[in-house]
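The following features are taken from TrEMBL:
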- 52-100: domain 'Alpha-D-phosphohexomutase alpha/beta/alpha' (DOMAIN)
- Ser64, Asp276, Asp278, Asp280: Mg(2+) binding site (BINDING)
- Ser64: active site, phosphoserine intermediate (ACT_SITE)
- 111-166: domain 'Alpha-D-phosphohexomutase alpha/beta/alpha' (DOMAIN)
- 178-283: domain 'Phosphoacetylglucosamine mutase AMG1' (DOMAIN)
- 297-435: domain 'Phosphoacetylglucosamine mutase AMG1' (DOMAIN)
- Glu370, Ala371, Asn372, Arg497, Pro498, Ser499, Gly500, Thr501, Arg506: substrate binding site (BINDING)
- 388-415: coiled coil (COILED)
- 452-525: domain 'Alpha-D-phosphohexomutase C-terminal' (DOMAIN)
Amino acid sequence: MDPEALRKYSALHPKPAGLALQYGTAGFRTKAQQLDHVMFRMGLLAVLRSKAVAATIGVMVTASHNPEEDNGIKLVDPLGEMLHPSWEEYATQLANAEEQELQEVISEICQKAEVNLHKDALVFIGRDTRPSSEKLSQSVIDGILVLGGQYHDYGLVTTPQLHYMVCCQNTQGLYGKATLEGYYEKLSKAFMELIKQSHSSGECQRHLKIDCANGIGALKLSEMKPYFPQEVLIHIYNDGTKEKLNHLCGADFVKVHQKPPRGLDMKPNERCCSFDGDADRIVYYYKDATGHFHLIDGDKIATLISIFLKELLAKVRQNFKMAVVQTAYANGSSTRYLEETLKVPVHCVKTGVKHLHHKAQEFDVGVYFEANGHGTVLFSKSAETKIRQLVKEEKDDEKREAAKVLENMIDLINQTVGDAISDMLVIEAILALKGLTVQQWDALYTDLPNRLLKVQVADRRVIDTTDADRRAVTPPGLQEKIDALVKKYKLSRAFVRPSGTEDVVRIYAEADTQENADALAHEVSLAVYHLAGGKGAPPQPI
């Protein structure tokens, strides 16, 4: 490490006085103009991580579904997974170190994590379409070069595409080719193989309107269009040419506001979906003949995929263990349907993709989705090997055909992380193969009415939770208050949890009617406001 070069470059990316940031589930996220020093330092950290694990590391510059003025950065570990939790701490330390402490903090990380600075390092970089992203990724490159790392800049890519590239690179191409063409070819080939076998109900099945949140998803879907079969007609809306990123559109907007995005003209019973700003989340929706809006969120996506996979697994007659992993935000009706009707085990974990991903790895087939539409399916190495073997060697036609469909599903699913493009193709293939309309899919079960609220607090750390975020441990008296409020309503539950990114407390409530869910959410938000140091005016009734 060259202390002089470090000092020189660090001075070009000064840390604003008094700014302290925390590396959370989504990495670092804040206003773009406060991030230059963080980007430079995450370039440094990516090199250290690459040297420590002797593998390629990814760096993605994005703030996902946040407003366009924000930006952020997250690191991607060798198999395309989230950064290891022990390194999240190093990221926070390095980002918050004062200029003169930088070298000391780096030496400390090297010592604790046994980093050999003489090893080679390679970092893959990607960025979203925000106006600030190009300049910020240049700051990452400065950090990489100071510590003698090498880099490959993929430029504009979706977050899941970068995760995919990192995994391909570190599996020596076993997972696929570490290029955008490789990604498009692998997914489109598997998709074509699947829909070849569909005797779907007519052409109307194939039209899909997609709201791309004025983000990177629009660019990448347009690039992928030539790879799609002719029967698949995708219509891209909110492509970023006219409006601001995530403004009144995108998966997060549709899920939270339970209404269609701006800029997408919906006719009755048309299948529509929305990506979020970096294309790692997807939700579907439609309007019925009476003009009523129906949202199909991550819970229903997980249910559709689970039904399909369960049928196939039954046909291959292997003793594969399958489970669905959810968070406390999953609608109670989805959990009941999966456990009681489908007879699939359901596990609830803390909010945050890394917790879901980790739990899903315990099964041969682990389906995980957050209600917000972020999710994927993981297949264990042994299950994947067995399925590919059955395709080659199985004499029984039914078993071999089912194994073949499973094999194509394995290739179509981006197992590194939730991927809106991949998930969309999985859903479209399943709907075609099962001959299902969007209305039939929606009718699998009826969601319990629910409401999401947030309350501004002085310090989100005053709230601590347990039981996968479903019970509040602190402040004293809050959980007892919530329990008493829940007792007032039928089929109800409610929980609160601190945001991972800002000083707000998130509130979720569900009940037998929308009126009751709204009332419960409001009463819980008042309890949070009074017991957890609410800021500003008290929450108003919905």
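Just so you know, glycine gets a Cβ as well, placed from its N, Cα and C.
DSSP labels the residues of the domain 'Alpha-D-phosphohexomutase alpha/beta/alpha' (111-166) in these numbers: 24 helix, 13 strand, 19 coil.
Below 8 A, the CB atoms of the domain 'Alpha-D-phosphohexomutase alpha/beta/alpha' (111-166) and the domain 'Alpha-D-phosphohexomutase C-terminal' (452-525) form no more than two pairs separated by six or more positions in the chain, fewer than 3 in all. Taking the mean position of the Cβ atoms of Ser64, Asp276, Asp278, Asp280 as the Mg(2+) site, the remaining residues of that chain whose Cβ falls within 8 Å of it are Thr62, His65, Asp128, Thr158, Thr159, Gly215, Ala251, Phe275, Gly277, Ala279, Arg281, His374, Ala420. Listed in sequence order, Ala26, Arg29, Gly72, Thr159, Asp276, Gly277, Asp278, Asp280, Arg281 are the same-chain residues at least 6 apart in sequence whose CB falls under 8 Å from the CB of Ser64 (Mg(2+) binding site). Averaged over the domain 'Alpha-D-phosphohexomutase alpha/beta/alpha' (111-166), the predicted model has a pLDDT of 97. Taking DSSP states H, G and I as helix and E and B as strand, the domain 'Phosphoacetylglucosamine mutase AMG1' (297-435) has 81 helix, 20 strand, 38 coil. By neighbour count, meaning other C-beta atoms within 10 Å, the densest spot among the binding-site residues Pro498, Gly500 is Pro498.
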